[in-house]
Amino acid sequence: MDPFVLDAAFQDDKCSAVSSLLVLYTGGTIGMRPVNGAYDCVPNLLVQTLKNMPTFSDQEYEKAKERPYQKTSGQVFSDSTGLQDERFPVHLQPSQFTTFALPLTKDHRRIFYSVAEYSPLLDSSDMTQDDWVRIARDIGAYYDFFDGFVILHGTDTLAYTAAALSFMFENLGKPVILTGSQLPIFEFRSDGWGNFLGALLIAGGSQPIPEVTVFFHDNLFRGSRVVKCSSDQFHAFASPNYPALAICGTEITFFPELVFRQPAIDRPFSVHTGLCRDVAILNMFPSISTEHVAAFLAPPTKGVVLRTYGAGNVPASRKDLLELFRSASERGVLIINVTQCYRGGVKAVYSTGAILNECGVIPGYDITTEAALTKLTYVLGKVESSDVETQRLMLSRSLRGEVTTGSDVRLTKSKLSLSDPSMLERKVISYLAHVFTEAQHRDMDTKTAIWVRRLITSLACEAAASNDIAMLKDINEVLGHLQLSDTEGCSTLHKAARHGHIQAVRFLLRHGVSVYTKDLWGLTPLDYAIQSPNASCELVMLLLHAGARLALSDFHVPRAVNAAAGAGDIKRLRLYRLAGCTLEEWDSEGRSAIHVAVANRHLETVQFLVSPCTLDMNHLRDLPGNSLDVRKYLISGAGVHPSTRTSWQTTALDEARLRGFTEICELLESTLPLS
């Protein structure tokens, strides 16, 4: 995304918040046209069509905000520089993107989305594990540059891709939504219009859903829970054993207590691409032959999804089959038992099902076939868990919310009691949290529900701001999550970070609060932590270890850095350097920190900026916040080159000479190499 485009949106009085999304168009019916009597993918057709659809392209806004030198190759907000950026895949350079602006949403949010079209476009029936890896790597490459991701995909294998990506994305903290359509988006009755728009609005909205999900026919489902249930109806996908995470009606209703949240301590986002291909699906059927089963279990097979009858049953009288299952399990083949039924799961309620457990077959509970297969490819591909017992343990547990195991127990509600005055405050909090949860399901739009939501959000934010861990625990026990934000978009993590409360920040991260949430001004908890009066290296590194990154795709950070340089705030400059800034980034006026420090005659700040940085910053960010190397960093320089130029090609020395700052001139001249 062009930072000037984002900056213009932030400065727009009509705009309350800004989001940027990357759309990967992999193929599928949504972008097809009839070719020789059959639907087929046509390159560049989808992008050209979106330009002429007012719902997907606010052309009046785009023309008003377009910079004269920005338009190239007919693209509205082109990121084209004509150069290859080595940070990104060769096949998916920013120069290939076409960026659009949605009209302002109901809550006055401006959502930008950049469309990257794959070549060749694929029918989903042609999708392979290699394509899953490509999609995963592409999102990994651009993960720090966008707020969310939408994948346009054919419907036939969409459930497999969604499940696979949910496992491949480890410690995901941003929304990744797959969608497609049953009819091309160009056709009059197409469902593609609503599916694509809904995915964009949710991915770019204010409700953080850090999961791989599928949006189809007004429902947002967990990606590892969906199955394709119809080949010709618009409700083509369903989640038989888990409710929708959001439902679109006249309003978009979210159910945040259903969202899967992983603890974020010391586990930043990563992409696992080592998938095992030696897996298979074996369907049980009456009179299945011994040879048929033996062939499925023979080398090189390492994992099998066994689709059984009903609640996980096989014919107990078939000792030959049972012996094959037992023998395969003993030599390390992982066999996971799933039901052939559309709804329900595997339970050892009959002797014919329990006998499989004795043969070493792993119960799959209510996992779908698609999720079971992709989970096998993921678990078998993990080098660090290559021993069979660890793999069996991983398969029997929920890794991404893909299965409800026997150990999953929902918290029960707390009853309000006034009999113990010393516990009154905590009981009131617990009671209100429970009422809030119930209100989401029964009366979302009533005045009572609105007040309850506002009250509990205020209490949670206040608890985070005051480092009240006991109150946060009470709210979390009944509500099931702490991902709450006030009317300005400040989450509980923003509040804790702003006040420098390391204990509260650590607690919130352990309970899955996202480090990627932005307030209405586009600031993350990491921004708040650096700008906190109680800022510290330990706090900043705690957030960095959890995956937080500074957003360098707009001018928020360079402006804040230059404000610190203008104020002579060396401590804050150190924290920005620690968080990933080079301190040479330009603001919207084309100046970096050293030029601002010179203009404000801050000699000590200039000295810090040009002094060499003797430490490896990438290594430093991997260390604990109180380590010896981090303490050494506090006396190190920033390593900014003294010849750094503004966008007008002037150096810091030019600025100092112009103003007659002789002491700064002498300092800068002493740091320049002899000619």
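Just so you know, glycine gets a Cβ as well, placed from its N, Cα and C.
Annotation source TrEMBL lists domain 'L-asparaginase N-terminal' at 21-256.
Sequence-distant contacts (6 or more apart, same chain, Cβ under 8 Å) of Thr29 (active site) comprise Tyr39, Gly154, Thr155, Gly180, Ser181, Gln182, Leu183, Pro184, Gly192. The active site annotation in TrEMBL covers Thr29 (among others).
The annotation substrate binding site is assigned in TrEMBL to Ser124, Thr155, Asp156.
Taken from TrEMBL, the feature active site covers Thr155 (among others).
In terms of DSSP helix, strand and coil, the domain 'Asparaginase/glutaminase C-terminal' (278-394) has 50 helix, 21 strand, 46 coil. Annotation source TrEMBL lists domain 'Asparaginase/glutaminase C-terminal' at 278-394.
Sequence annotations record features per position, and here TrEMBL assigns repeat 'ANK' to 488-520 (among others). On the 0 to 100 pLDDT scale, the repeat 'ANK' (488-520) averages 94 in the predicted structure.
Among the features that TrEMBL reports, repeat 'ANK' is placed at 521-555 (among others).
Feature annotation from TrEMBL assigns repeat 'ANK' to 589-611 (among others).
Ser124 (substrate binding site): 20 other CB atoms within 10 A of its CB, across all protein chains. Counting residue by residue with DSSP, the repeat 'ANK' (589-611) contains 15 helix, 0 strand, 8 coil. Ranking the binding-site residues Thr155, Asp156 by how many Cβ atoms sit within 10 Å of each one's Cβ puts Thr155 at the top.
The Cβ centroid of Ser124, Thr155, Asp156 marks the substrate site; residues of that chain outside this set whose Cβ lies within 8 Å of it are Gly28, Thr29, Asp123, Ser125, Met127, His153, Gly154, Thr157, Leu158, Gly180, Lys228, given in sequence order.
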